[in-house]
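Chemist: Input: one structure, supplied below.
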């Protein structure tokens, strides 16, 4: 059995505005193993995106904790969380969030620049990842010169350029047509096999979720069931 990479222990998240309290997450507990491909399925507003923000250290739970590689995030400073996000975690969103004035190569290189890698390593590694997603021939093109599917591939290359242990993906194909969505999920599976990267994908699409090795369902801020979707139509 693979080692547990990330563990959630009774995560709760509450927002308060004046006298109004809104509970978004209720005692969420689960784990992700090294190299695992997992989906969390739920409708819009079910708490999936809030959960990803907590897992990535972008927000703080009201109670409970996230443990990454045996280390509680609650014990980490802001600087240590930022380093964790840069070195050990990758993020993919529904919208690519590429910098419009930078080329594909420069966008992919950004996490390496932030991590203060050597210039020669930055260029070679960024180009290597563009090649891995089939876009090395588009390295010098800006986002406006790329198709929607190509832009998302660049975003995936950027998420994986630092060899993260885990990639958190929030509706990564939600802005793509069926053909490009299928291509992106095939790419994630290939990168998982080649690099051993674990993926946690949140989505409302059961057809996409079934491609993952494990699926959990979220409703109203609660994990309600472990689904069996393999081969579902």
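Backbone N, Cα and C define each Cβ position, glycine as well.
As annotated in Swiss-Prot:
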type	residues	note
BINDING	42, 43, 44, 45, 46, 47, 48, 49	ATP binding site
DOMAIN	6-233	domain 'ABC transporter'
Chemist: Given the model, what does the mean pLDDT over the domain 'ABC transporter' (6-233) come out as?
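Modeler: When the pLDDT values over the domain 'ABC transporter' (6-233) are averaged, the result is 85.
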Chemist: If you take the centroid of the Cβ atoms of 42, 43, 44, 45, 46, 47, 48, 49, the listed ATP site, which other residues of that chain have their Cβ within 8 Å of it?
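Modeler: Nearby residues not in the site list: 202, 204, 218.
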Chemist: Would you identify which of the binding-site residues 43, 44, 46, 49 has the most other C-beta atoms lying within 10 angstroms of its C-beta?
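Modeler: Counting Cβ neighbours within 10 Å, the top one is 46.
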Chemist: If you count Cβ atoms within 10 Å of the Cβ of residue 47 (ATP binding site), leaving out that atom itself, what do you get?
Modeler: 24
Chemist: Does DSSP put residue 47 (ATP binding site) in a helix, in a strand, or in coil?
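Modeler: It is coil.
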Chemist: What number of additional C-beta atoms lies within 10 angstroms of the C-beta atom of residue 45 (ATP binding site)?
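Modeler: Result for residue 45 (ATP binding site): 12 neighbouring Cβ atoms inside 10 Å.
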Chemist: Work through the binding-site residues one by one (42, 48) and point out the residue whose CB has the fewest other CB atoms within 10 angstroms.
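Modeler: 48, out of the binding-site residues 42, 48, has the fewest neighbouring Cβ atoms within 10 Å.
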Chemist: Give the helix, strand or coil assignment DSSP yields for residue 42 (ATP binding site).
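Modeler: Coil, per DSSP.
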